Amino acid sequence: MTDASLIVPASSGPRPAEGRDALLAGLNPQQLEAVTYRGIALLIVAGAGSGKTSVLTRRIALLLQQREAWPSQILAITFTNKAAGEMRERVAGLVGDTARGMWISTFHSACVRILRREADQFGFTKSFTIYDSGDSRALLKRLVKEHEADAYGLTPGAAQSRISKLKNELLDAEGYARQANMSDPAERKFADIFADYQRALQKSNAFDFDDLIAQTVFLFRAFPKVANVYRRRFRHILVDEYQDTNHAQYSLIRELTKPIEGEAPEPYASNGMMIFEPEPEASSDESTAGASLTVVGDSDQSIYAFRGADIRNITEFERDFPGAKVVLLEQNYRSTQNILSAANSVIGNNFDRKAKNLWSDKGPGEKIVGFTGYSQHDEAQFVADEVEQLRRAGVAYSEMAVFYRTNSQSRALEEIFIRSAVPYKIMGGTKFYERAEIKDALAYLVAVANPADDMAVRRILNKPRRGIGAVTETSIGMYAEQHGISFRDALRHPGELGVGPKLQAAIARLDSVLAEATEVLLPASGELPPPTSVAEGLTVLLNKSGYFDALRASRDPQDEARLENLDEFVAVARDFARNNPDGTIVDFLTEVALVSDADDLDDESGVVSLMTLHTAKGLEYDAVFVTGVEEDLIPHRISAGEPGGPQEERRLFYVGITRARKRLHLSLAMTRAQFGEVSVAMPSRFLQEIPAELIDWRQSPGDVNSRGGMQSRALNARRSGGWGSGGQGSSKGGGDRFGVQALPKREGLKPLSTAMDRFPNKVTGKVRDNGDLELATGDRIRHDDFGEGRIEAVTGEGAKRIAHVRFDTAGQKKLLIKIAPIVKL
DNA sequence: CCGTCGACTGTTTTT
DNA sequence: CAGTCGACGG
């Protein structure tokens, strides 16, 4: 938050020499070199689990501790805010308070800081809004409609992704128009929309996600003086996860590491804000050289090409930065050899990679466990059972994680976990800040903080319902345009809009609520409001606008949840005040705009983590379950056609495998229901890339289909119901791998795999309710799927009472009494 | 202007 | 299958 220009390395700290030894203790030779090498550019190729975070933090700590750099001269870029927080903590742990004043943040946060400082230089104000992808889509939707571009097959989504790609390549609207084929009407439409989109952003004093990076680069290029201020300030730049940087991010780093030409330092540049401070031993030749750059990455873990990450940034690093030093970290300190061997042989199938061989001295460890379920529910039950077994063997829930390729796969897992009373937490999924009510609340705040933001004002115009519809919205917009004022300001003149008296009153009321909140959040007196004002202002807005009342009056059961979410949001604002004593509403909005899923996974001890493979990057667990290891899922169907797609999918799988410390489970299902239809799934090609002797199949794909038995009734019905006789499911010559003939009773099948197709497909909806069925130790029950069993214990309270049951054939299970399909015998 | 109904349409990963 | 979108009638 602050420049910390007054913070001086603690003089009472350890003596440099002994501190140095402590910092370097326990490093292997390569790590040692990565920490101590000094030069203009350093690439640390860090295989999975090779201790790169440790290397990076020690490198920073050493710079500080040896007085080679002041905290404020260090810029460290991480992939997520969480990683940034962790790194800051670890550096602080090594060198104490000295760590304050460093910039450790994501690309996006760092750019926001720069842009806010420099906003006035190029037509924005410090309180600009950050549009998330939902906001951009909404804006584009309006523009596409205005341009009637859907006739050219241009959807808002398509336009959005094209614009995003262009921005990641640093092409702006004019640049695009210049090189586009303007004789193609569709192209021209798109170019117009792009230009309008950009104009609308500017008018609203807003940046979208991609702008944050691209505009910073443009700023540096257009104003070398501004760039020089930051070049002079940041003498040591470190970038984590370099393999996932895109072209814009790469260019930003290039800009920042350029040498400073001519021109004396201007300590008070940039609107009088002190941007850098005198160097400890200011030597003038040093101050003109480019900053030293350290990047850490692993091209085998590049999984964001779809979002513009350019793997060449890392593969061509040595060419980009001549004289760069490369250090390879190949010893893995995380996983057992079996897990590593599997990972190595999988990733070895990617052809254009630099060979690298991770090794471990932890010994072979457990074999990888494989399981093939009949359905996704069957698979989920396997995961839940296995989790319980590990728990009983002493593995903490928080040390277990379940990964999947797509978010939608979490449903089946979630459902089974609830039934089995396995505590879990889903990282990601529908994000808190994407919920409509939260976005509404945010729009209210934005309308106050950045009144130029038309989108925000339009959003809240009729929320809650106050009778202001499309027609009135247009009138207001027209009035604003005619008078050259913002949409927000147009609300101040309800009488002149040519709308009825009822509407005038409604508009006036909204205007006065906004005005009142403005007085709380940004007092006209100009005095700095207390940080608690954010929560206060929010409460004012939600109460006086009638938003809360409308939700309370509603009889839609979902609205109760919305109220709770808003309460939580107010609590977030209060927390913010506590954690950021100098925080303003703009700071609050920034923080909210830039938090991601991966950020709030504060290792809530005691629960199993569920997440996508992408979210899993950078994390590690004792036990890992990679689920849905099927063709069309991983590798995902959509990636098949894209160049480099399958290879990226392989890397994704590799990332999943290498998260595991001690135990790895790979599972799949033979049938999977998607969009209400059951389809046949094939084992992923990646499974065959793992040496067979490393996997202990509890139930292999072969077991499942060669027995011919047990296929889902739904599937069967579908087949006989004229699905076409086409060659589905027989690609490997096995003809009827799913047995067309007579179907089998379920005797002889393992209890686990019985009748999973009878599980409801919905998490919500038809939840069984046993009311307050009383069960006591010793009671016998019958479960729809597991058969008969004996209650061994009952724990928990009320709706969360859990029965611990030993089934006669299915073994030990925990069941949530309220919803388990059980009857007392 | 609001609410409902029916049709439609996506369905990969995210700062 | 779900969630969104557009059309329509009150």
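Just so it is clear, glycine is given a Cβ too, placed from its N, Cα and C backbone atoms.
Here TrEMBL flags A:25-336 as domain 'UvrD-like helicase ATP-binding'. The ATP binding site annotation in TrEMBL covers A:Ala46, A:Gly47, A:Ala48, A:Gly49, A:Ser50, A:Gly51, A:Lys52, A:Thr53. Annotated domain 'UvrD-like helicase C-terminal' per TrEMBL: A:337-618, in sequence order. Here TrEMBL flags A:717-736 as region 'Disordered'. If you look up TrEMBL, you'll see A:721-736 marked as compositional bias 'Gly residues'.
Close to the recorded ATP site, the chain also has A:Val55, A:Asp298, A:Leu329, A:Asn332, A:Tyr333, A:Arg334: residues not among A:Ala46, A:Gly47, A:Ala48, A:Gly49, A:Ser50, A:Gly51, A:Lys52, A:Thr53 whose Cβ is within 8 Å of the site's Cβ mean position. The binding-site residues in question are A:Ser50, A:Thr53, and the one with the fewest Cβ neighbours inside 10 Å is A:Thr53. All protein chains considered, the CB of A:Ala46 (ATP binding site) has 27 other CB atoms within 10 Å.
Its Cβ placed at the centre, A:Gly49 (ATP binding site) has 22 other Cβ atoms within 10 Å. Neighbour density at the Cβ, taken as the number of other Cβ atoms within 10 Å, is lowest among the binding-site residues A:Gly47, A:Gly51 for A:Gly51. According to its DSSP assignment, A:Ala46 (ATP binding site) is in a strand. Look at A:Lys52 (ATP binding site): DSSP puts it in a helix.
Non-local neighbourhood of A:Ala48 (ATP binding site): A:Asp298, A:Asp300, A:Gln301, A:Asn332, A:Arg334, A:Ser335, A:Ala343, A:Leu358, A:Tyr654, A:Val655, A:Thr658, each in the same chain, at least six residues away, with C-beta under 8 Å from its C-beta.
Listed in sequence order, A:Ile44, A:Ala46, A:Asp240, A:Val296, A:Leu329 are the same-chain residues at least 6 apart in sequence whose CB falls under 8 Å from the CB of A:Lys52 (ATP binding site).
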